[in-house]
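Student: Before I ask anything, let me first share the structure, which is written out below as structure tokens.
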Amino acid sequence: MSRMAEQQLYIHGGYTSATSGRTFETINPANGNVLATVQAAGREDVDRAVKSAQQGQKIWAAMTAMERSRILRRAVDILRERNDELAKLETLDTGKAYSETSTVDIVTGADVLEYYAGLIPALEGSQIPLRETLFVYTRREPLGVVAGIGAWNYPIQIALWKSAPALAAGNAMIFKPSEVTPLTALKLAEIYSEAGLPDGVFNVLPGVGAETGQYLTEHPGIAKVSFTGGVASGKKVMANSAASSLKEVTMELGGKSPLIVFDDADLDLAADIAMMANFFSSGQVCTNGTRVFVPAKCKAAFEQKILARVERIRAGDVFDPQTNFGPLVSFPHRDNVLRYIAKGKEEGARVLCGGDVLKGDGFDNGAWVAPTVFTDCRDEMTIVREEIFGPVMSLLTYESEDEVIRRANDTDYGLAAGIVTADLNRAHRVIHQLEAGICWINTWGESPAEMPVGGYKHSGIGRENGVMTLQSYTQVKSIQVEMAKFQSIF
């Protein structure tokens, strides 16, 4: 693909040049080619976007629920009509295989938007009778202008996960995509405008997180920030949001999730789940089950089943429909993953497979890392304690149920957890003791629109998807009504 035209900001229903004068480049990580130069939003651009959003939000909130629902449903239709085009752009920008982006990223994002479009008419308050002449009723009102700050691994899906409930509740959103993968969020803005969203209700500000993101989190005109990213960045976002104007926050942060295989499990099923929990999207999924616990007596058999499945991984041309494994999102990220792999070797973990970059035709110019499995891992190892966010699985053994529950919970993270077992009683008994916000039994990874997702501990605050997320983009107003004559004591 030839280099794209310079990408601008999207404010008030159209493209506009950044006033900052700064730009950055986004690359195709499969081959290192520059895709586009992108303008970076500065402080004045954030001010412009907030003013635009404030204007648009008043128009949007004044529409009826059915009017808002119809506009969002039109956006869903356009997303599905343009699925292949958007998936190709997502593949170029992220490096993910087209077989994945064309069937998951846009598809699931559109599903979430459709879900919230259907919920809009059901967003209602309540009536509370107090006595014969006195009652209270409540209204759920939009917050106003909210900000979404996205991560680089699921660019358009995250933009939809954040914008869908925010817009459904009558808010306007200013979205800052990751500077690593900024392209499809701009296309989403076009689609919202085409669907009939009032100007300013969805603005997109590409830029560097340390600058543009900080301007958004500190801006007094922003009522809430929804952030997806790492724990360290999340803490800064939360601190800035609180210090500036006590903004509400939703945080979807990192994970180091346990996948527990019990001795009664079908090991073929367990191996299939472990593969999806570690190598889907080349391991760049926040919920990945990178700590795989297996009974000591099953270790050798499980290792062989994993190795057999690693042989089925097909890395290569990301637009080949048979390819199911792409490069990492960037060269700096690749280098960071390689540092973790080196640390694992240094600390005594045994490399079962992988452990280096992929080499050969088609790989040498890209950010490729081989699918890597470490065995003989210990809980104190760096690769077991810290989030790697790459195709690196750590195998650990255990002897008892109580032991594995304790070790699974021995982490600052609490995003996800899963177990594989044939015993239904054990399944629920163990899941109820795991300290994680998203749990799977005999499966892994699916996050439908109806399912609230989010973390315990350092893995986040609040939830995305589900009914409760729609409510989190509203504020409750209580109105007390007295129908009898008011009695004053004065």
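These residue numbers are counts, starting from 1, taken along the chain as shown.
Glycine is no exception: its Cβ is also placed from the backbone N, Cα and C atoms.
Swiss-Prot lists G150, A151, W152, K176, P177, S178, E179, G230, V231, A232, S233, G254, C286, E387 with the feature NAD(+) binding site. Per Swiss-Prot, the feature active site, charge relay system maps to K162, E464. According to Swiss-Prot, the feature site 'Seems to be a necessary countercharge to the potassium cations' maps to E248. Annotation source Swiss-Prot lists active site, proton acceptor at E252, citing sequence analysis. Residues annotated as cysteine sulfenic acid (-SOH) in Swiss-Prot, with sequence analysis given as evidence: C286. Taken from Swiss-Prot, the feature active site, nucleophile applies to C286, supported by sequence analysis.
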Student: For E464 (active site, charge relay system), which residues in the same chain are close in space, meaning a Cβ under 8 Å from its Cβ, but six or more apart along the sequence?
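Tutor: Spatial neighbours, sequence-distant, of E464 (active site, charge relay system): W161, K162, P165, S226, T250, E252, P452, V453, G454.
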Student: Rounded to a whole angstrom, what is the largest C-alpha distance between any two of the residues G150, A151, W152, K176, P177, S178, E179, G230, V231, A232, S233, G254, C286, E387 that the record assigns to NAD(+)?
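Tutor: Greatest Cα separation within the listed binding residues comes to 24 Å.
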Student: Restricting to the chain of E248 (site 'Seems to be a necessary countercharge to the potassium cations') and a gap of 6 or more, list residues whose Cβ falls under 8 Å of its Cβ, or answer none.
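Tutor: When sequence neighbours closer than 6 are ignored, E248 (site 'Seems to be a necessary countercharge to the potassium cations') has L143, A223, K224, V225, S241, S472 within Cβ distance under 8 Å.
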Student: Below 8 Å Cβ to Cβ and six or more residues apart, same chain only. Which residues does that give for P177 (NAD(+) binding site)?
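Tutor: Those within reach of P177 (NAD(+) binding site), by Cβ under 8 Å and sequence separation of 6 or more, are G150, P155, A159, T184, A185, L186, V204, P206.
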Student: Ranked by the number of other Cβ atoms within 10 Å of their own Cβ, which of the binding-site residues V231, C286 ranks first?
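Tutor: Output for this query is C286.
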